[in-house]
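Here's what TrEMBL has on this protein:
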DOMAIN    A:89-279  domain 'ABC transmembrane type-1'
TRANSMEM  A:18-40  transmembrane segment
TRANSMEM  A:89-112  transmembrane segment
TRANSMEM  A:124-145  transmembrane segment
TRANSMEM  A:157-180  transmembrane segment
TRANSMEM  A:201-226  transmembrane segment
TRANSMEM  A:260-279  transmembrane segment
């Protein structure tokens, strides 16, 4: 009589073990299917970019599996000789790099002041910056376009850079101030006693120690500006727009321009992907800081 | 932008003797930009929203009233509500499922990377990607290729769209697009020749030549369905001439007193054989043989366009939810889950009763962040919608752009939309500020 329950128990645990293994396999299969499903759209773009316009317009990209001979780099050749899109890549860089640097520099200066300097209304000012974190870009489109128009800088490189810098600042100040405030007080005091000026303290102590946060911010801002469409759509010179706007201009005749659209879109997403893979940790920590505009 | 405000540490006192003007200098560039480009537009928009199109006369709340009565604006509001409810919850649900499941597999990190990757690319590139996915022609758009593939697996697709008997044919007759029925009954021993016409030559390229019906054994009925048209002319009507092609895969039914008593499908050479039950029945070629080919779903048509674009958003942002939730998951004490398992809870119960409640704060942060993000959705809608359907896919940010910069501008209305967007994010603004003040006071 006493042996029976043991047997039953053993059977149960064997059964649940089988169920566990089966469940584990099912979970694996499910995740692999989902992963492939997630890759499918981007893979479709890549394959489309490697096919002739006639091929793209007559059959699906999956036909490359049965007829690999249709793969060609001709779209990338077409892209290289498409001045509008090549110039747009340069424009994108000319917008992205200054916007990123300006946000990092101006943001760090303000963040340092908020973290380590004493001035009246400091806490209130910082609260105001935090309040501005969630202001939608859309609110500023009309007022700022007429303001820039009056200043004579509407639809220029400068206007896009200014706009991106300003809207990147609340997050920059917020993120960096919290990071700078963690710097040990003794370090700063020691440097101060050695006779370092405020500027020297900032460039030699605070900026180097703030490295990780500055990297996260920089990558975040870089991707944000590189990928932006709306701000550039309104504030960039329509004659020499950045890549996102240039692709959108071509997309008005989607089927006719599909060759340069597909290859251009692929080139435009390669840079962010490289940045993403190279600085994955910083990117994720930027996202984790609660930062998605 | 953010909803998770996590200030750390108390604001420290100045590091000895910073002069006030030095602090001002450090703050000046940021202050100028923030005041001129971020803060000033708020005030401008609020004031502007109370004035009419020209900006000259004060109209109080007329713009806001119009916002909720004008048809285009209402479509935008309706779609925005759908977006804000559906997109964040689907992203969060998927993120939660992915985060929990990836914890137990060896390739979890690789899987996470695949799901998270779309976040790094622009909405514009994602828009191009999904414009390709949603192309109408199943030969080109992968979504419709899959849908028609599944459809054709479960319901027979028509083999010969448009094929029909000759007008006033001696053998077959019926309404347009079928079913076509024989005028006379068939009997065993006399083969049934069923001629059709109006098949496109390119559809016949691979078809085999038609052959005379084989003699059916045991009192069955045999016959041939073919294209009674000889390329190059000649040939006798109603007879199989050399060079005339067979129609394969056509369903032939034997109908007696309105009931189908037997059915068969033609082979490669166009012949079919019916059992002896068919003796004395009329033969019918059902309409399913001749219907138009199923062409998939109209993804970017008026009714599906918003869900279709939301799906592309989910593709981009489920990874965001997954990464934040996975981080939250990692901080849950393992002992709690183990304790529940030891108490006999199965995995589903552990998930529902322990994991989800413990994750609730993270889930709320993810949901709110995504809601703020979705509220302002512009790029995806603008790029994926074909021009004519933009109206059906309209959202507030697109409507604001059209009113502010389109052909028929009304900056008063556009400012009213801006103010509404601002009002919707103010609760989050307040939560952020209160959390920060609580932390600093501590």
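Here the Cβ of each residue, glycine as well, is placed from N, Cα and C on the backbone.
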Within-chain partners of the transmembrane segment (A:89-112) [C-beta distance under 8 Å, separation at least 6 from its ends]: 129, 157, 160-161, 164-165, 168-169, 172-173, 175-177, 179-180, 202, 206-207, 210, 214, 217-218, 221-222, 225-226, 232, 236, 240-244, 267-268
Distant-in-sequence neighbours of the transmembrane segment (A:157-180), which means Cβ under 8 A and at least six residues beyond its ends: 91, 94-95, 98-99, 102-104, 106-108, 110-112, 114-116, 126, 129-130, 132-133, 135, 137, 140, 144, 148, 206, 209-210, 212-214, 216-217, 220-221, 224-225, 228, 231-232, 235-237, 242, 286, 289, 291, 293
Chain residues outside the transmembrane segment (A:124-145) and at least six past its termini with a C-beta under 8 angstroms from it: 110, 114, 154, 163, 167, 169-171, 173-174, 177, 230-231, 234-235, 293
